[in-house]
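The active site annotation in TrEMBL covers Lys12, Asp142. What TrEMBL records for Pro100, Met101, Gly102, Gly103, Gly104, Leu105, Gly106, Gly107, Gly108, Ser109, Ser110 is ATP binding site. Taken from TrEMBL, the feature domain 'GHMP kinase N-terminal' applies to 68-149. Positions annotated as domain 'GHMP kinase C-terminal' by TrEMBL: 219-269.
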Amino acid sequence: MRSLHDCPAPAKLNLFLHVVGRRADGYHLLQSVFQLVDRADTLHFDLRDDELIVRTTEVPGVPADQDLIVRALRLLQAEYARRHGRLPPGIDVAVEKILPMGGGLGGGSSDAATALMAANRLWQAGLSQQELMDLGLPLGADIPFFLFGETAFAEGVGERLLPVRGPDCWYVIIEPGVAVPTPAIFSAPDLTRDTGRVIISDFSSSYEVSGKHRGFGKNDLQDVAERLFPPVAQAVEWLGRHGDARMTGSGACVFCAFSSEREADQVVALVPGTWRAWKAHSLSRHPMKSLLQNQ
Ligand SMILES: C[C@](O)(CO)[C@H](O)COP(=O)(O)OP(=O)(O)OC[C@H]1O[C@@H](n2ccc(N)nc2=O)[C@H](O)[C@@H]1O
Ligand SMILES: Nc1ncnc2c1ncn2[C@@H]1O[C@H](COP(=O)(O)OP(=O)(O)OP(=O)(O)O)[C@@H](O)[C@H]1O
């Protein structure tokens with residue numbers, strides 16, 4: 001096989017996100033439930049006749065050498081060389097980006113995870129899911145989740161993952177039009193860093209008992225993001241009129257769950273024209289898994 005085209009890199013939502021502590025290196029210890037949704041960037045991969053990793057499309061604001069896709073592919077290429085004593089062929093990668101950067105949807109991490117899954121297959125590199133997760137973690141805290149590829153309860157910095165049943169529902173997502181840099185949120189002095197730990201069954205039973213509309217817990221990064229980026233606060237306030245609206249990740253995007261597509265459509269139609277908004281359905285499994293199974 002020399003090509004893998006139309007590979008999806010879906011967005012994630014953090015249904016809740018608690019900061020429960022801090023590691024000695026400054027990284028924050030989190031508890032979160034990660035949910036995949038069916039809106040995705042699309043990536044295309046073609047093996048080359050040389051050993052270069054080449055991004056063939058422009059991504060505004062992201063030079064190719066800094067792109068998480070290119071960095072992830074180079075890491076896997078080096079790991080292959082370590083195991084097999086020779087470099088595998090290079091790859092041309094084309095990216096169709098629709099997920100906003102600095103949106104809290106994990107777009108860059110998802111692109112990198114899809115690239116690792118695709119290249120592992122194209123090169124027949126044979127790394128296990130856990131080996132790919134370990135390889136990706138230093139590039140971005142969300143990469144292990146996308147490789148894990150199922151709704152997950154996450155601990156640590158996001159690398160300790162347990163499968164969990166998420167709500168089967170529609171989400172309305174608002175892009176408030178600002179890019180939030182993750183470090184700006186985690187370095188804020190007033191960030192809540194001591195939320196009490198929850199146990200996984202608290203989350204599962206909350207969705208079973210109280211239905212889909214009242215989310216579990218909260219996003220501890222939201223207060224800081226709302227203060228530093230007022231459009232986030234405005235989007236939370238507006239969407240909050242229709243349900244339990246909250247921010248995903250370190251922002252900026254804001255989401256709210258609905259049980260029917262019709263309700264989601266109605267709310268999307270009402271969103272003020274200054275914001276981009278869309279609906280998405282929850283996904284229980286990463287679409288790359290089916291795509292690779294059917295190859
Ligand atoms: C907040 C989340 O979106 C939740 O899904 C992610 O944990 C953020 O993941 P990410 O955007 O991939 O972030 P990274 O590139 O790994 O980290 C960016 C910076 O944010 C801070 N950071 C990030 C994650 C974390 N658990 N604690 C931190 O303190 C660190 O200063 C780090 O240098
Ligand atoms: N392929 C990529 N797509 C998007 N951003 C990338 C990519 N490669 C590197 N980046 C860099 O990563 C930064 C964060 O982008 P990303 O879309 O992952 O943010 P995010 O959705 O806020 O992520 P998170 O939820 O993990 O905080 C961008 O501002 C950009 O500089």
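Cβ coordinates are placed from backbone N, Cα and C, and glycine is handled just like the others.
Remember, TrEMBL labels are computer predictions, not curated facts.
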Worksheet item: Which recorded positions of Lys12, Pro100, Ser110, Asp142 contact ligand 2 in the sense of C-beta under 6 Å?
Response: Asp142
Discussion item. Checking the contact step here: among the recorded positions Lys12, Pro100, Gly102, which have a Cα within 10 Å of the Cα of Asp142 (active site)?
Written reply: Lys12
Discussion item. Within 10 Å of Lys12 (active site) (Cα to Cα), which of the binding-site residues Pro100, Gly102, Gly104, Gly106, Gly108, Ser110 do you find?
Written reply: Gly104, Gly106, Ser110
Worksheet entry | Integer average pLDDT (0 to 100) for the domain 'GHMP kinase N-terminal' (68-149) | 98
Worksheet item: When you measure from the Cβ of Pro100 (ATP binding site), how many other Cβ atoms are you left with inside 10 Å?
Response: 19
Item to complete: Could you check the binding-site residues Gly102, Gly104, Gly106, Gly108 and say which one's CB has the most other CB atoms within 10 Å?
Response: Gly104
Response to the item:
Around the Cβ of Asp142 (active site), other Cβ atoms found within 10 Å total 29
